[in-house]
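Features reported for this protein in TrEMBL:
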type	residues	note
REGION	1-56	region 'Disordered'
COMPBIAS	7-23	compositional bias 'Basic and acidic residues'
COMPBIAS	27-40	compositional bias 'Acidic residues'
COMPBIAS	41-50	compositional bias 'Low complexity'
DOMAIN	90-274	domain 'DH'
DOMAIN	306-418	domain 'PH'
DOMAIN	429-490	domain 'SH3'
Amino acid sequence: LGLLYQEYRDKSTRQEIETRRLQDSQTDPEESSPGEETPSEAEPTSTPESKAPPQISLLRNSNSRFNLWQDLPEIQSSGVLSILQPDEIKLQEAMFELVTSEASYYKSLNLLVSHFMENERLKKILHQSEAHILFSNVLDVMAVSERFLLDLEQRVEENIVISDVCDIVYHHTVNHFSVYITYVSNQTYQERAYKQLLQDKPAFREVITQLELDPKCKGLSFSSFLILPFQRITRLKLLVQNILKKVEEKSDRESTALDAHKELETVVKACNEGVRKMSRTEQMISIQKKLEFKIKSVPIISHSRWLLKQGELQQMNGPKTSRTLRTKKLFREIYLFLFNDLLVICRQIPGDKYQVFDSAPRGLLRVEELEDQGQSLANVFILRLLENADDREASYMLKASSQSEMKRWMISLAPNRRTKFVSFTSRLVDCPQIQCVHPYLAQEPDELSLELADVLNILDKTDDGWIFGERLHDQERGWFPSSMGEEILNPKIRAQNLKECFRVHKSDDSQRRKLGSRNRQ
């Protein structure tokens, strides 16, 4: 608890990365933990009642450090480590991490409220409506975290060996965690308001800077505190996944972990949708204003429509036999707006406007790559509209600026097209994998934001440094720079990652397939 959550989270994920690196460097993953066997029926897997409950009050003891469960003096002196099997010790560590990380998270939330939100100088500078947008319902979030942590602490103090925590996670997720959806859905407004206040109010900027310099903040920015709830609810799901991978199969603890994970996944999805909904609506309105239709007008704004990709490509003029013409004459610029259900093809005109000259439903698009066609036709592909705006089939020969840009367009235009490597959803025994060692924030709609220690299947890669990946823990897909990760070379570790992932999602296989299909769209 001596660590703020930002520090705790970074330390934890860095350790996860190093552990995976160590396993990957070994010929056999079992070498990393010698003597690990499945507990036999004759050997006890839990300890008798402790003489006295351990006094591990994480909420009140602000001097405790980032610890492993087995390193606690109470555990060391109890003799329990000589009784428990290695697998059970790993499970205890996974459950203990969920508890200690919640304590660290609560400490950071408390600092956000007491140090920033309740600062008297800041209160005088901010209008009530500005403060509401900036801090949203953080008091509700903190109250929920405190109740959750108290229940977790009570469980830890019942016995030296933690019986379970996922039943508590399930109860709080179902009954209290809706406050996270409210907070995270406000994120777009929050970010905009913060930038505007920094720009328009020098006094606000000055106070925030002074508060950030306080030793309490340990060099962390105000914005890193504001984003805590979204980071926590996502991380909590991963911590439950980690427990789920370690509980005995077909046990009550597995059933409880699966239930908790399912409910957390529902909350995380609702948070993501809340964030996307507002930004998507504003983006669609902006695009609608820029389009002028040369053909029959198509209504752009719809609650079920969003932008997947936009950008300029070069269109080849004339028939394919014109390849002998000079490159400058061969191509002309066109601009594409690709939505989840519609493609509109435009030419840019003065005044930051776009004239639409063709369109097609996204489901009626087909792509084909041209290979070995010479330098002038490098990164060229064929786009076929099976039914265009004139109810006819049409073909466009399009040239991208790079190999990665070509592949990104092809996968976005035709998501069901086979990629270089088979996807996670095929249940392939082996597939190239990568773990994230540098966080990445998506810059375009077809990119994927990455967190430290994320593990992804590699579905495609380009010669100019981009990877199309599918994250194992949620099957989200997207592009990211290859420099953000390290490839996992040990096939046994890759197989183990897949096996664990299938186990996490086995409670609703049909839902997983639907999710994979939706992500491809």
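Here, residue 1 is simply the first one shown, and the rest follow in order.
Every residue gets a Cβ built from N, Cα and C, even glycine.
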Discussion item. As a quick check of your reading of DSSP, tell me how many residues in the domain 'PH' (306-418) are helical, how many are strand and how many are coil.
Written reply: 26 helix, 53 strand, 34 coil
Worksheet item: Other than its close neighbours in sequence, what residues sit by the compositional bias 'Basic and acidic residues' (7-23), given a CB gap under 8 Å and a spacing of at least six beyond its ends?
Response: 29, 32, 66, 97, 100-101, 104-105, 218, 220, 231, 235, 435, 437, 451-453, 455, 486, 488, 490, 493
Worksheet item: Mean pLDDT over the domain 'SH3' (429-490): what is the value?
Response: 93
Discussion item. Quick check on the compositional bias 'Basic and acidic residues' (7-23): DSSP residue counts for helix, strand, coil, in that order please.
Written reply: 17 helix, 0 strand, 0 coil
